[in-house]
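Each remark here refers to the structure printed beneath this line.
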Amino acid sequence: MSLAKVKHIVLVLSGKGGVGKSSVTTQLALSLSLAGHSVGVLDVDLTGPSIPRMFGIEDAKVTQAPGGWLPITVHEADPSAGVGSLRVMSLGFLLPKRGDAVVWRGPKKTAMVRQFLSDVFWDETDYLLIDTPPGTSDEHISLAENLLQKARPGQLAGAVVVTTPQAVATADVRKELNFCTKTNIRVLGVVENMCGFVCPNCSECTNIFMSGGGEVMANDFGVRFLGRVPIDPQFLVLIETGKRPTYPAGTTVDGKDISTPAGASTSEEEEVKDGSRLVHKYKDCSLAPIFSKITADVISAVQQ
């Protein structure tokens, strides 16, 4: 396998579509990089590969090396800033056109997943995050079989399971937790995503759906609850346009003031969607301290 230089493999799973799994994968990757770790992201959501867009690199082209592919570099390591490298591989880079549909039957999907695991040349990587499609489909079964058979002992660290608070979501995500049990994949924890909405004017967080469903589910299964993540429009603006997040005076997260300084100006460079600068802009996002804690808990769970 081409995973020889990868220390820890973490799956990001959800039994329900639309819960923000790729958003969670993206922010876990950025947070791990900000913690100084070298990170890889493998996108095996074959029919809906959204990871290239999340990192602002959807126009990148994969380099074919003898015997396989070289992943796309989002940014190189910056030891002086304590930032680790970040690389990405996705089927989205291999499609002739961005809007092309992937109409494959199960055997072809299985073969593609197997090829992604064996033919992508990852350099020294502390954490490889594998973003999966929703449900328990052919991709999941192929991933589980190949990783459990071929990964080194302890290399497959486990899975982070993503849900939203509503019962209609947790009912399906419970099936994903059962899938992990049946395939002997350790659950590192549950993230409750979209648990509230951060107002762009006053930054007050309102529970527009409900709250607590993910924590109840985690407790029912006896797994770690990693935390709640609200919807922040500034994160969406960052991903879609590349603009650095800004917040009104008095905005705090976990007691820390993240207000944008009065009179702060934004250069033209800061307004450009550039994947290589994403990690530095993300530090100003209200979700960054939340994911910093979630990431620390994931690392702790991996090392246990």
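Residue numbers in this text run from 1 along the chain shown.
Glycine is treated like the rest: Cβ placed from N, Cα and C.
Residues or ranges marked as ATP binding site in Swiss-Prot: Gly15, Lys16, Gly17, Gly18, Val19, Gly20, Lys21, Ser22. Residues or ranges marked as [4Fe-4S] cluster binding site by Swiss-Prot on the basis of sequence analysis: Cys199, Cys202. Here Swiss-Prot flags 249-271 as region 'Disordered'.
Where Swiss-Prot records a feature, it is marked here on the structure.
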| residue | record | DSSP class |
| --- | --- | --- |
| Gly15 | ATP binding site | coil |
| Gly20 | ATP binding site | coil |
| Cys199 | [4Fe-4S] cluster binding site | coil |
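Ranking the binding-site residues Gly15, Gly17, Gly18, Gly20 by how many Cβ atoms sit within 10 Å of each one's Cβ puts Gly15 at the top. If you measure from the Cα atom of Gly15 (ATP binding site) to that of Cys202 ([4Fe-4S] cluster binding site), you get 34 Å.
Long-range Cβ contacts of Lys21 (ATP binding site) within its own chain (separation 6+, distance under 8 Å): Val12, Leu13, Ser14, Asp131, Thr132, Pro134, Val162, Asn193.
Taking the binding-site residues Lys16, Val19, Ser22, Cys202 in turn and counting surrounding C-beta atoms within 10 angstroms, the largest count is reached at Val19. The Cα of Cys199 ([4Fe-4S] cluster binding site) lies closest to that of Gly20, out of the binding-site residues Lys16, Gly18, Gly20, Ser22.
Cβ neighbours within 10 Å of Cys199 ([4Fe-4S] cluster binding site), excluding its own Cβ and spanning all shown chains: 14. Those residues of the chain, other than Gly15, Lys16, Gly17, Gly18, Val19, Gly20, Lys21, Ser22, with a C-beta within 8 angstroms of the mean position of the ATP site C-beta atoms are Ser14, Pro134, Val162, Thr163, Thr164, Ala169, Asn193. Across the fold, the C-alpha of Gly20 (ATP binding site) and the C-alpha of Cys202 ([4Fe-4S] cluster binding site) stand 24 Å from each other.
Counting in whole angstrom, Gly18 (ATP binding site) lies 27 from Cys202 ([4Fe-4S] cluster binding site) by their C-alpha atoms. If you take the Cα of Cys202 ([4Fe-4S] cluster binding site) and the Cα of Ser22 (ATP binding site), they are about 27 angstrom apart, rounded to a whole number.
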